[in-house]
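What Swiss-Prot annotates here:
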COMPBIAS  35-44  compositional bias 'Polar residues'
COMPBIAS  257-266  compositional bias 'Basic residues'
REGION    31-56  region 'Disordered'
REGION    226-282  region 'Disordered'
Amino acid sequence: MAIKKYKPTSNGRRNMTSLVYKDVITKTTPEKSLLDSQSHSAGRNNAGKMTVRHRGGGNKRQYRIIDFKRIKDDVPATVKAIEYDPNRTANIALLVYADGVKSYIIAPKGLKVGDKVQSGPEADIKTGNALPLKNIPFGTVIHNIELKPGKGGQLVRSAGTSAQLLGKANDEKYVLVRLSSGEVRMVLSVNRATIGAVGNEEHELVNVGKAGRTRWAGQRPHVRGSVMNPNDHPHGGGEGKAPVGLPSPLSPWGKKTVGKKTRSKKNKTEKFIVRHRKGSKM
């Protein structure tokens with residue numbers, strides 16, 4: 001997908017870039033039967049109290065129902081369209097199965113309109129096909145990886161990401177998967193994954209250019225603690241541009257941050273991690 005750079009007709013346009021979706025997107029209106037409504041809470045809970053900061057506003061969106069499970073085995077499907085999805089960074093592909101059922105999947109890199117895809121243990125090792133990990137050759141690039149059998153893919157779903165199947169673990173029940181972060185993890189061999197890398201890899205190269213584009217996405221301004229008052233943030237107060245004045249930077253609630261490890265060493269999933277991600281010292 002090409003990247004369009006705008007002329008500097010204003011400060012907001014200077015250095016702004018965007019993706020040229022017409023190069024890839026073949027259908028602009030979503031499939032009505034695969035849409036669902038979604039409400040936005042602007043980061044508030046049922047009591048109206050803010051539980052997540054920097055959320056609110058943004059364009060209204062309709063949720064596209066994505067098939068992360070891929071359990072319709074041995075029924076071939078044809079890719080009818082590649083569509084834009086405002087709810088995720090990756091594009092989505094509209095599939096029409098041989099029995100007439102329609103569904104959306106995350107569009108892998110290289111998948112085109114007219115391609116045939118299939119799921120099941122006997123499916124070919126081909127981009128877009130979904131198989132149990134035990135049926136995939138070692139070294140294959142995969143995405144949309146399940147963590148629990150039948151729950152649907154949870155890992156590696158963002159634009160441009162991919163994982164690699166490395167081999168069997170000591171226990172025959174598990175296989176080793178290297179994630180895009182560098183983490184090597186044990187995953188049950190009966191879990192499913194989709195062949196190929198997630199498409200739309202140019203997404204990370206886009207320069208937003210102006211604050212308004214992040215507001216359209218439902219994100220509100222992230223204010224630095226050093227420009228707040230002392231009663232609002234531990235970094236606040238002082239005359240002019242004052243330093244933090246503390247041994248370590250703190251969060252708004254007084255907890256150590258910036259480099260402080262937050263993952264518990266007693267986490268029950270720790271036993272599945274063979275090697276931590278790059279830069280981790282846990």
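Cβ coordinates are placed from backbone N, Cα and C, and glycine is handled just like the others.
For the region 'Disordered' (226-282), residue counts in helix, strand and coil come to 5 helix, 5 strand, 47 coil, using DSSP.
Note on the compositional bias 'Polar residues' (35-44): DSSP counts are 0 helix, 3 strand, 7 coil.
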